[in-house]
């Protein structure tokens with residue numbers, strides 16, 4: 001069977017060729033040859049294009065992936081860097097705001113400092129003019145032979161022979177000092193009402209303390225000129241003289257006046273104030289006892305002079321009395337030193353605002369004493 005099938009297939013193939021079944025194809029073979037090359041070229045070009053496109057696609061995909069990876073990495077890094085940069089911007093804004101506020105504060109402080117300097121220069125100029133006027137008045141008083149007494153209490157004219165130029169100068173300086181004191185107290189009152197800062201308030205407190213120091217310096221010069229005038233208190237009003245102690249106020253009295261206006265105090269402040277008050281009272285007692293002994297010694301020296309009045313030689317008792325009178329000047333200076341030390345120690349114990357309130361209370365206290373004296377002098381009197 002196999003041989004038959006193979007023979008039959010062979011027979012069929014031969015018979016088909018013999019029958020001319022492939023002749024048309026053989027006729028087209030002449031046309032097939034030119035198109036075949038074109039077809040082959042087209043096919044090869046298509047294959048080349050497909051292979052190249054495939055290659056491009058294969059090459060392009062990794063490049064795109066790399067670009068995407070780079071883009072994602074850059075975006076991620078930018079996102080990571082965005083938060084610190086925003087925080088840095090906020091920090092820089094806060095720093096810039098602080099610097100702007102600080103510069104504004106510095107400009108405001110400089111402006112206030114210029115205003116204070118301008119006011120201080122103006123005050124110095126006014127003081128210079130007032131001092132010049134006082135000097136001219138003093139010269140005229142000397143030429144006219146008149147002695148000018150304190151205008152705030154009583155005024156009287158005395159003979160030229162009894163006039164002490166040092167005391168006349170002190171009276172005029174003290175009148176000017178009172179005007180300045182009223183102005184400084186008014187400034188402290190205004191500052192406390194305006195609630196200004198502690199730095200500016202401390203400047204006012206120090207200025208007021210220095211003003212009291214000037215008063216003590218003036219009194220020391222007046223004591224050299226006439227210590228009895230200073231001790232008598234003729235340069236003060238009658239109400240002030242009622243409370244006078246060795247040419248001025250008692251330091252313990254100062255503390256009693258100031259204390260209600262500086263409260264509340266801390267425990268440490270209370271302890272220090274009590275110690276200051278105790279030491280001031282002890283110093284007052286020591287000075288008072290020393291003054292009593294001085295008066296007693298003066299009385300004894302004068303009594304000795306009475307016994308030897310008929311004696312020709314009485315120079316020794318008089319010399320002893322003069323020494324006692326010279327010691328009186330030292331007592332006045334020591335009392336003023338105690339007053340000044342009490343003021344300074346009190347200001348150190350208190351805060352700046354408490355010290356300002358204390359100086360305001362002290363200034364108002366003396367101002368009301370002077371006003372009370374004026375009211376007393378102007379009271380209606382019954383005619384008898």
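Glycine is no exception: its Cβ is also placed from the backbone N, Cα and C atoms.
Per Swiss-Prot, these features apply:
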BINDING   219, 236, 249  hexadecanoate binding site
COILED    117-144  coiled coil
COILED    267-296  coiled coil
COMPBIAS  39-55  compositional bias 'Low complexity'
COMPBIAS  58-68  compositional bias 'Basic and acidic residues'
COMPBIAS  76-88  compositional bias 'Polar residues'
DOMAIN    96-138  domain 'bZIP'
DOMAIN    167-379  domain 'DOG1'
REGION    36-70  region 'Disordered'
REGION    76-95  region 'Disordered'
REGION    98-118  region 'Basic motif'
REGION    124-138  region 'Leucine-zipper'
MOTIF     99-106  motif 'Nuclear localization signal'
Around residue 236 (hexadecanoate binding site), how many other C-beta atoms are within 10 angstroms of its C-beta?
24
Which whole number is the mean pLDDT over the domain 'bZIP' (96-138)?
82
Please spell out the DSSP helix, strand and coil residue counts for the region 'Basic motif' (98-118).
21 helix, 0 strand, 0 coil
Whose Cβ lies within 8 Å of the mean position of the Cβ atoms of 219, 236, 249, the hexadecanoate site, other than those residues?
215, 233, 235, 240, 244, 247, 248
Same chain, outside the region 'Basic motif' (98-118) by at least 6, Cβ under 8 Å from its Cβ: which residues?
200, 203
Mapped DSSP class for residue 219 (hexadecanoate binding site), helix or strand or coil:
helix
